[in-house]
Each structure stands twice: as structure tokens, then as C-alpha cells.
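Features of the protein shown, as given by TrEMBL:
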| type | residues | note |
| --- | --- | --- |
| ACT_SITE | K18 | active site |
| ACT_SITE | D137 | active site |
| BINDING | P98, A99, A100, S101, G102, I103, G104, G105, G106, S107, S108 | ATP binding site |
| DOMAIN | 75-138 | domain 'GHMP kinase N-terminal' |
| DOMAIN | 209-270 | domain 'GHMP kinase C-terminal' |
Amino acid sequence: MTAAEPCADAVQEFAPAKINLTLHVTGQRPDGYHLLDSLVVFADVGDRIAVRRADRMRFKVTGPMAAGVPVDDSNLVLRAAHAAGVTRAEITLDKHLPAASGIGGGSSDAAAVLRALTRSHKVRPLSGGRLLRLGADVPVCLAATTARMSGIGERLAPVAGFPSLAAVLINPGVQVHTPDAFRALMIKNGAAMPSIPDFADTAACCDWLAAQRNDLQAPVVNMVPVVGVVLDALENQGAVLARMSGSGATCFGLFDSLATATAAARALTEARLGWWIRATTLAPRLSRPA
Ligand SMILES: C[C@@](CO)(OP(=O)(O)O)[C@H](O)COP(=O)(O)OP(=O)(O)OC[C@H]1O[C@@H](n2ccc(N)nc2=O)[C@H](O)[C@@H]1O
Ligand SMILES: Nc1ncnc2c1ncn2[C@@H]1O[C@H](COP(=O)(O)OP(=O)(O)O)[C@@H](O)[C@H]1O
């Protein structure tokens with residue numbers, strides 16, 4: 001058995017990438033946290049968590065994106081386990097998502113370990129402030145379904161009937177720290193999204209999304225110009241819409257089918273730019289890897 005293959009009796013959970021299709025910043029609280037209005041979906045690429053009962057806490061990080069991910073108590077996986085009252089477990093995080101990249105890797109890992117621990121250790125799911133204190137993105141990652149997220153991340157409204165979207169995700173290998181992105185934002189009281197309509201088809205959905213915003217995109221492009229290069233590359237490959245997710249630097253391009261998304265991802269990969277590039281389906285429910 002290799003390090004990436006947990007024991008057969010381990011409880012396994014998928015930690016999908018979180019994508020902010022929109023991210024409107026509508027205000028700022030006195031404590032500095034920003035008020036958001038964001039349409040959040042989940043991809044079928046992500047990290048994997050395996051948990052089994054043990055006589056003490058053991059934690060390891062494996063996988064292609066493990067380098068640089070903390071293995072101490074600062075890892076959101078261990079923070080989540082401790083918050084759930086678990087001190088004895090063997091936990092493996094198989095890391096496939098780039099860290100500090102606006103697709104919620106750490107938050108999704110925390111949510112996945114909480115889901116796993118409800119099965120392996122029969123703990124009750126965390127909620128409210130205890131969940132939010134792990135990270136503003138953790139509540140939506142625990143729900144892992146298409147949602148309109150507001151407040152600082154604690155208010156979630158499920159979005160019924162949202163279509164599946166074919167996408168390409170690109171991270172150019174630059175980490176963006178979320179506080180830096182918010183600090184670079186000058187206008188902090190943007191308009192909220194209008195109500196989310198029922199879409200006749202994917203084209204109508206993309207048209208509507210194109211009229212919405214990620215308010216962090218312009219300041220991050222300014223700080224990290226390669227994000228603009230990524231957005232241009234997605235458009236040049238035929239993306240119907242190209243936008244940054246969260247505080248970046250990962251960007252998504254929406255395509256009219258998974259076949260065109262896959263072809264675009266292949267062409268960009270063949271250009272050997274050293275970027276992390278994945279074709280994916282953004283699906284309404286927690287999806288699992290193929
Ligand atoms: C911006 C978003 C959009 O979904 O995603 P990422 O880019 O991180 O993936 C999230 O709000 C990030 O959520 P998360 O990464 O869990 O944030 P936290 O750990 O709670 O906060 C990190 C820091 O980001 C800033 N922050 C975060 C959330 C928020 N609503 N307002 C903020 O100002 C604060 O400076 C905070 O200290
Ligand atoms: N399980 C984890 N995976 C990735 N990063 C983690 C994890 N736990 C803690 N971190 C720390 O959290 C920071 C933010 O990572 P991440 O959650 O991937 O980014 P983002 O908030 O941009 O989506 C990283 O710089 C890393 O040091």
C-alpha cells in the first residue's frame with residue numbers, strides 16, 4: 001500500500017474545489033471582515049480525506065500538491081478535528097488542489113474531515129459560530145452544494161435548478177493571501193447581486209453571470225499581473241466567460257461543453273506554461289472524482 005492509499009477500513013470523503021462564480025463585496029463589518037454576496041458552486045476536482053479511529057492523533061499529507069501544506073496544528077484539517085472534540089484519529093489528506101488559490105482548498109478539507117468524523121467517530125456536525133471560526137468559507141464547503149453565500153460566509157441559500165457548467169480551472173502557481181486581496185480593494189460597498197433567475201439553458205446562465213462581478217479580480221490582477229494573462233488565455237481558448245475565483249489566483253473559464261473545455265485544457269497544457277490546469281464539471285451537488 002502506498003502513502004496515498006489509506007487502509008480499506010478508513011472513512012473517505014471528497015473535498016471538492018469551491019468556485020465563486022460571482023463575488024460581490026457589499027460592505028465591511030467593524031471587525032474588518034467583509035460582507036459578501038457570492039454564487040458558489042463545487043467542482044469534480046478536489047482533495048481526498050481518509051479517517052480511521054486510532055489511539056492518538058496521526059496526520060499526514062500526501063499527493064501531488066502536498067509540498068508546503070502545513071502538517072502541524074495550523075492545518076485546517078487538524079483545527080476542524082480538534083474543534084469537533086476529536087483527539088484520536090489517523091487522518092490522511094491527499095492534496096490535489098493548489099493552496100492559497102481562491103478555491104477553498106483548506107476550507108473544503110476542513111469540511112470534508114468534519115463529514116468523515118461524523119461517520120468514523122460519530123461526532124455531531126459543527127454549526128454556527130464554531131464552524132465559521134474555522135474559516136468564512138467552511139460553512140458553504142460543508143454544505144458542498146450550489147448556494148448563494150452572504151454575510152461574511154455564514155448565510156447560505158441553496159440555489160435550486162442551477163445548471164451544471166463545463167469549466168477549465170487554471171492556477172498560475174502564485175499564492176494570493178486572502179487578507180492581501182481584501183486589503184487591496186478600494187470600493188467596499190458594491191451592489192449586491194440581483195435575484196438569481198431560472199435559466200432556460202447554459203447560454204442564458206453564462207449571459208447572466210457575465211453581468212455580475214468578482215470585486216477582488218481587478219485589485220488582484222493589479223497585484224499579480226499573471227492573473228490577467230490567465231484570463232486572456234482562457235478567452236483565447238474560447239471560454240464563454242473567464243473570471244477569477246475568490247481571492248485568486250485561480251481563474252475559471254466556462255465552456256459550452258465538457259468536450260470544448262477538455263480540448264482547451266489540453267491545448268493550454270501543451271503550451272507548457274507550468275500552470276495547474278484542469279477541465280471540470282461544476283455540478284449542483286457534491287460530486288466525486290471519476
Ligand atoms: C474570499 C473567499 C470567498 O469565498 O474565498 P478564498 O479566496 O479564501 O478561497 C472567502 O470569503 C475567504 O474565506 P476563508 O479563506 O475561509 O477566510 P477566513 O480564513 O475566515 O479569513 C481570512 C481573512 O480573509 C479576510 N476575510 C475573509 C472573509 C470575509 N468575508 N471577509 C474578509 O475580510 C479577513 O482578512 C480574514 O482574516
Ligand atoms: N488543508 C490545507 N490545505 C491548504 N492550505 C492549508 C490547509 N490548512 C491550512 N492551510 C493554510 O491556509 C492557507 C490558505 O489556503 P487555502 O484554504 O487553500 O486558500 P484559499 O483561502 O485562498 O482558498 C494556506 O496558505 C495554508 O498555509
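Just so it is clear, glycine is given a Cβ too, placed from its N, Cα and C backbone atoms.
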Distance-selected recorded positions near ligand 2 (C-beta under 6 Å), from K18, P98, A100, G102, S108: A100, G102
G106 (ATP binding site), number of other Cβ atoms within 10 Å: 26
Averaged pLDDT score, the domain 'GHMP kinase C-terminal' (209-270): 98
Of P98, A100, G102, G104, D137, recorded positions neighbouring ligand 1, Cβ under 6 A: G102, G104, D137
Other CB atoms within 10 A, centred on G102 (ATP binding site): 30
Cα-to-Cα gap, K18 (active site) vs S108 (ATP binding site), nearest whole Å: 7
Under 8 Å by Cβ from S108 (ATP binding site), same chain, sequence gap 6 or more: A15, P16, A17, K18, G46, D47, L97, D137, C141, A144
Other same-chain residues whose Cβ falls within 8 Å of the Cβ centroid of P98, A99, A100, S101, G102, I103, G104, G105, G106, S107, S108, the recorded ATP site, in sequence order: A17, K18, L97, G246, T250
Recorded positions listed as K18, A100, G104, least Cβ neighbours within 10 Å: A100
CB within-chain contacts under 8 A for P98 (ATP binding site), separation at least 6: M65, G105, N171, G173, Q175, T250, W276
Neighbour tally for D137 (active site), based on other Cβ positions within 10 Å of its Cβ: 29
